[in-house]
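Undergrad: First the structure, which I've put down as structure tokens, then a few questions once you've had a look.
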Amino acid sequence: MTAIAKPAGPQRRRTRPLAQACLYAVLGALALVYIFPFLVQVATSFKPDAEAAANTVALIPQTFTFAAYDRLFAHSDFPLWFANSAVVTVAATLGRVFFASLAGYALARLRFRGRSLVFALIVAVMAVPSVVLLIPKFLVLNQLGLYDSYAGMIVPLLVDAAGVFIMKNFFESIPVSIEEQARIDGAGPFRTYWSVVLPMARPALVTIVILSFQGSWNELSHFIVATQSPELTTLTKGVASLSSGQLSQGTQYPVKLAAAAIMTIPVAILFFVFQKHIVNKSEGAVKG
Amino acid sequence: MTLAPQTPRRTGSSSGPARTGPARRARRGEGTAGWLFTLPVIVILGLFLLVPVLMALWVSFSDWTGRGSPLAPGVGFVGLDNYAEITSGGGLPERDFGLAMRNNAWYVLLVVPLQTGLSLFLAVLVNRAVLRGRGFFRTAFYFPSVTSSVAITVLWMFLFSSSGAVNQVLSWVGLSGPNWFNDPRGIVHVALSSIGVDSGPAALTGSDALGVTWWDWLSGPSVAMSAFILMAVFTTSGTFMLLFIAALQNIGPEIDEAGLMDGASAWQRFWRLTLPQLRPTLFTVLTLGLIGCWQVFDQIYTGTQGAPGKTTLTPAYLSYEAAFRDQRWGQGAAISFILFAVIVAFTLFQRWALRERDGERRFRKTANGGAP
């Protein structure tokens, strides 16, 4: 309180302890609101069914049990869903990193007729809302005979326009001189791209990896319209079916919440590993 | 890294008219490489974006019933029939579409301002220069954004169940919460009935749009939809907060300090000095928010499938349901194109509403600096 009584110069006004305390109190309360649901989720997944329904807030289970996890891993298709999601996500991420950087490089550096048209089309495609594509995607997959197959799940996810856009912007921001040296030394465009440009593009490639991993892992609507057989169910589709009541009886919250918690782990790991990068990425996106 | 020798090379690379033979040959190679490099992207985007959209456009004008190919000769062209059926048919499809638009309009109306306001608020708090533990708070607020909508919906159904955590916390302060996801009452109607108004005036109940009376249009989002609204704010505020933090960090402290010297209060400095500089980011956040909010699908599919009383039905989910469950493909496709048009219209309107008033600014500049 003494700080307020002092003659308030510009510097002093910024560090009033009371204001600081308020700031931390508000932030702390908000952080609690944001974190608490996830704590409840994890806690509930270790409770028996009856306790989960009766006491929904307690963070420490009275009876600690692995029953929900045991049921998921030993007595359900959950491991299969997880494997399907992993296969699709890895394939889609590899594809996007390669195709987006390749096309981004061409659009940024190589001079060819129709380049600006191609770029304009890619930007236009970015504006099409994905929900509009639900029915159309099914029609085309069906027409091509890709419906209900791994190919139908993966191929449409191999490319995304936003990734091409990010890579193009990145290549335009790095100096051209090193590539020119390689070209003078006789390297063709692909060699220049592969062994000179790509190693320099690591920060942008990490961005693409994060975006496409998160996007493919969390994708739901594409898999709904692209598949129907149980063997091709992904985590998102499987957990959604758990939620909309395909369990035999009761609410069975521990099983549902355990499933949701496990499907969050891979993206959470990705998030914590690349945390610094994610924060900087959004900065770059605004600047660019 | 000496700069001097590289300068002439750089000048040489910018396409001058005087080019030697080998260089021109290299450029021709570039042409082929350019097309080869972009080919995978063009083929896949074309095949799974452009062709599908055209095909769906055809389906929305056809009487295809889902059997065989929509391009088969037996499929007939019906003009605007599908569009007419959902916008003025007078039957169930029209009423469902009206309800879906009502629900989603309220969703947009509440989510967009709330998520923008909250994310800006969080960004300003986290961005305080003296703050310790900034990384922790940033992580806490951003974390919900990385989780999948399916996982969050499952969690939300649990938190907002009748005896769930939310209602338990409410009971600590003496409130008894509603049975969230089973409560179809609109929140405006609930508020009105608490002051004794239980039915609307004849002017509102007597006439309707898209098969839904005006009284029902004004019901507000249902209690169930309100839970989804809170979820959307919870999951998106972190992403948008990062965008605002980045923008705030790009603003130098000079202008703010000048305002401080002039005796402006923190409140005035924020509204008059900081906010105008955030206009481009504000535009990005509002646009992304708006586009996202009109596409609510995952949450509805996972959570409520439109229940209770069709009050969480959204156009995106209705389009899916009409096509894949009821085999009314033409109507489903028509709904998605109407939705597309709505999104485009809103984006354009927003761009117009938030435009830089360039004329004014240039005029002021000339008036100040141009006078002799």
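Positions of Cβ are set from backbone N, Cα and C atoms, glycine also.
Feature table excerpt (TrEMBL):
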- A:21-40: transmembrane segment (TRANSMEM)
- A:81-105: transmembrane segment (TRANSMEM)
- A:82-274: domain 'ABC transmembrane type-1' (DOMAIN)
- A:117-138: transmembrane segment (TRANSMEM)
- A:150-171: transmembrane segment (TRANSMEM)
- A:192-213: transmembrane segment (TRANSMEM)
- A:253-274: transmembrane segment (TRANSMEM)
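In terms of burial and nearby residues, how do these features look in this structure?
TA: Beyond its flanks by at least six residues, the transmembrane segment (A:81-105) meets 122, 150, 153-154, 157-160, 163-171, 193, 197-198, 201, 204-205, 208-209, 212-213, 215-217, 232-239, 262-263 of its own chain at Cβ-Cβ distances under 8 Å.
Remote same-chain partners of the transmembrane segment (A:117-138), defined as residues 6 or more beyond its termini with a Cβ less than 8 Å from a stretch Cβ, comprise 103, 107, 147, 156, 161-162, 164-165, 168, 221-222, 224-226.
Listed by sequence, the residues of this chain that lie at least six past the ends of the transmembrane segment (A:150-171) yet keep a Cβ under 8 A from its Cβ atoms are 87-88, 91-92, 95-96, 99-101, 103-105, 107-109, 119, 122-123, 125-126, 137, 141, 144, 197, 201, 203-204, 207-208, 211-212, 215-216, 219, 222-223, 226-227, 232, 234, 288.
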